Amino acid sequence: MAPIDEDGFSLTHLQKATSYIKGKIPSSPRILIICGSGLGILADSLQSPIVIPYGDIPNFPESTIKGHSGQLVFGTISGINVLCMKGRFHYYEGHSLKKITSPVRIAKLLGVELLIITNAAGGVNQKYKVGDIMLIKDHINFLGFAGTHPLRGLNDDDFGDRFFPVNRSYDKNIRKIAVEIGQSLGIGPNLHEGVYAMVGGPNYESPSEVRALRTLNVDAVGMSTIPEVLVAKHCGLKVFGFSLITNECVADYDSEKQPNHEEVLAAVNSRTQQLKDFVIKVIEKCNFNVSKNENISSDVKLSNKT
Ligand SMILES: O=P(O)(O)O[C@H]1O[C@H](CO)[C@@H](O)[C@H]1O
């Protein structure tokens with residue numbers, strides 16, 4: 001029995017987009033970077049960029065949120081082939097979780113081995129300040145508690161097993177490298193390792209929700225990221241993720257502060273160069289064997305499947 005393909009998540013459905021992208025790039029990407037709100041500036045670090053508008057890619061979703069430009073950019077960082085999503089998709093936009101995470105499966109089909117996922121997030125941990133970076137060490141998937149999951153439905157064995165672990169989802173070795181790089185860039189005091197929680201949005205959290213998150217040892221909260229990570233783990237990608245803390249979550253019932261997207265984007269803009277330097281150096285230190293930048297093959301198959 002074929003998996004339900006209502007949202008274009010099966011190998012057959014993704015082949016159109018994968019083949020289209022293969023026709024536009026010279027060789028296989030090794031890393032996929034998913035850029036959070038305002039973080040599309042990370043794509044500016046790519047050498048010899050090839051820009052593919054999302055609207056040109058068959059069956060690819062479109063970005064509808066300010067700070068998400070809707071372009072797939074292929075290029076290199078230190079000779080390593082990188083694919084960068086300038087713009088991601090969110091459940092609150094109305095996309096299904098399968099649609100939101102389909103680019104991760106397409107990246108797998110293109111030969112990607114590592115997902116670097118980023119987001120703008122609210123600081124729940126009171127020690128965190130606006131502009132800090134939080135390396136994600138684990139997550140709480142509130143949507144998943146209610147069974148809202150990109151892999152709900154028949155499992156597609158072409159990509160991964162029905163049941164799979166998500167402990168140690170966020171690569172410890174890369175986090176160690178990132179901590180060292182943060183220190184070398186002088187951002188050590190503003191670099192943390194913590195727990196990211198995803199809520200559905202599009203509203204920001206109530207004071208009571210922030211207080212509840214604190215009781216669960218959540219350090220930062222956002223409205224994205226975890227669905228993509230789950231699909232990446234399911235199909236065997238390594239994952240490294242970080243949040244830029246763009247606002248302090250409001251836990252005071254009488255506070256005049258009102259979180260808003262403009263302050264989120266402004267906080268990202270204030271860290272542009274530092275974030276680009278950070279990501280470039282993490283990739284440089286990941287020791288990808290550049291000689292393994294394979295030429296793109298025309299067929300669409302999974303490397304771990306004969
Ligand atoms: O998670 P990213 O895409 O960075 O975006 C974050 O910023 C927006 C809220 O300002 C929400 O979409 C939240 O998820």
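Cβ atoms are placed via backbone N, Cα and C, with glycine included.
Per TrEMBL, domain 'Nucleoside phosphorylase' is recorded for 30-284. Residues or ranges marked as phosphate binding site by TrEMBL: S37, H68, R88, F89, H90, A120, S224. As annotated by TrEMBL, purine D-ribonucleoside binding site applies to E205, N247.
Structure coloured by features recorded in TrEMBL.
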residue : record                               : Cβ within 10 Å
S37     : phosphate binding site               : 26
H68     : phosphate binding site               : 23
R88     : phosphate binding site               : 28
F89     : phosphate binding site               : 29
H90     : phosphate binding site               : 22
A120    : phosphate binding site               : 25
E205    : purine D-ribonucleoside binding site : 20
S224    : phosphate binding site               : 27
N247    : purine D-ribonucleoside binding site : 20
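The Cβ centroid of S37, H68, R88, F89, H90, A120, S224 marks the phosphate site; residues of that chain outside this set whose Cβ lies within 8 Å of it are G36, S63, I65, G67, G87, N119, M223, given in sequence order. Proximity to ligand 1 at the level of Cβ atoms, with a cut-off under 6 angstroms, picks out S37 from the binding-site residues S37, H68, F89.
Largest Cα-to-Cα span within the phosphate-binding set S37, H68, R88, F89, H90, A120, S224: 13 Å. Distance between Cα atoms for E205 (purine D-ribonucleoside binding site) and H90 (phosphate binding site): 16 Å, as a whole number. Reported as a whole number, the C-alpha separation between S224 (phosphate binding site) and N247 (purine D-ribonucleoside binding site) equals 16 Å. Between the CA atoms of H90 (phosphate binding site) and N247 (purine D-ribonucleoside binding site) there is a gap of 19 Å, rounded to the nearest whole number.
Listed in sequence order, the binding-site residues from S37, H68, R88, F89, A120 having a Cα within 10 Å of the Cα of N247 (purine D-ribonucleoside binding site) are A120.
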